[in-house]
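Some notes on the structure that comes next.
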């Protein structure tokens with residue numbers, strides 16, 4: 001009795017949750033390049049299959065197409081989630097400003113896809129033709145991004161930073177990066193955690209220091225995990241070591257983790273499932289498309305605004321992320337009561353979508 005959009009959204013969320021847990025558990029076993037490449041293949045395969053076999057050739061019955069589309073959404077969700085979380089780890093090896101660029105690029109893709117859907121519907125009246133062209137544009141963008149990733153990862157700049165990370169060398173820091181901070185040493189064997197105050201102008205770790213070094217954005221905090229070197233080299237770390245590493249990191253960034261979780265939870269409660277159920281007699285099927293385009297555009301703007309030089313503390317971000325829960329009743333009032341919703345004018349969901357997108361970004 002539920003709509004196809006609701007079923008797709010629920011499938012995507014559940015599969016994405018499983019994918020991000022698996023990706024985190026297997027992060028030491030599979031290389032970043034492997035996970036990103038597999039993610040691209042998982043995303044491209046179902047898109048090609050559905051666009052050609054279902055939309056273009058119409059080889060399946062209505063019931064078969066329903067099931068096939070849900071399976072395709074699940075496979076795409078798995079691939080995109082593994083790819084997305086791996087890209088965040090990939091940019092974490094580079095200077096911190098590049099993470100901002102990757103996240104803004106995500107929103108740029110959403111804006112481009114929304115605009116392509118609007119233009120294909122405007123320029124072509126035939127629903128089948130404009131949908132096939134929309135799918136092919138999406139596939140073309142996906143292939144372009146994959147090729148660019150393969151080219152970028154071979155550049156001297158990227159190879160330099162990824163090599164530094166593999167060898168455990170500290171990231172070079174310019175004169176503008178001097179300042180006070182803390183260095184956290186985690187000894188897995190002794191389960192010992194030491195916080196070392198780094199004074200202004202003090203040189204960073206010696207060049208041969210073990211373990212990767214990461215920086216919390218804007219906090220002046222550095223982490224280095226000293227993993228013991230066993231006499232017999234193992235191909236992958238023990239389960240205990242993996243848990244201890246994650247525990248130490250979680251203890252330091254728990255507020256940021258909860259902030260991201262709350263932001264995604266509230267956004268996924270509404271977008272695209274509930275937003276696609278908002279209808280208007282005048283705009284018809286254009287209203288959900290317009291609402292989603294506004295969300296993608298405002299999310300893009302929000303991620304640009306996030307680059308402003310303001311020090312957001314983890315607890316502040318957590319409070320503001322929780323305040324976004326107000327969007328849930330506001331969007332519900334855009335569809336309830338059925339037939340005569342409280343916020344029946346199409347401007348209301350557009351305004352709410354604008355605000356939700358900016359805060360999400």
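Every residue gets a Cβ built from N, Cα and C, even glycine.
Unlike curated entries, TrEMBL annotations are predicted automatically.
Here is what TrEMBL records for this protein:
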type	residues	note
TRANSMEM	12-32	transmembrane segment
TRANSMEM	38-59	transmembrane segment
TRANSMEM	66-88	transmembrane segment
TRANSMEM	132-152	transmembrane segment
REGION	199-218	region 'Disordered'
COMPBIAS	200-212	compositional bias 'Low complexity'
TRANSMEM	252-274	transmembrane segment
TRANSMEM	286-305	transmembrane segment
TRANSMEM	317-339	transmembrane segment
Task: Interface check, the transmembrane segment (66-88) with the transmembrane segment (132-152), three or more C-beta pairs under 8 A - done: no
Task: Long-range environment of the transmembrane segment (12-32) - Cβ separation under 8 angstroms, sequence gap at least 6 - done: 73-74, 76-78, 80-82, 85-86, 89-90, 236-237, 242, 246, 268
Task: Recorded stretch, among 132-152, 252-274, 286-305, maximising Cβ pairs under 8 Å relative to the transmembrane segment (317-339) - done: 252-274
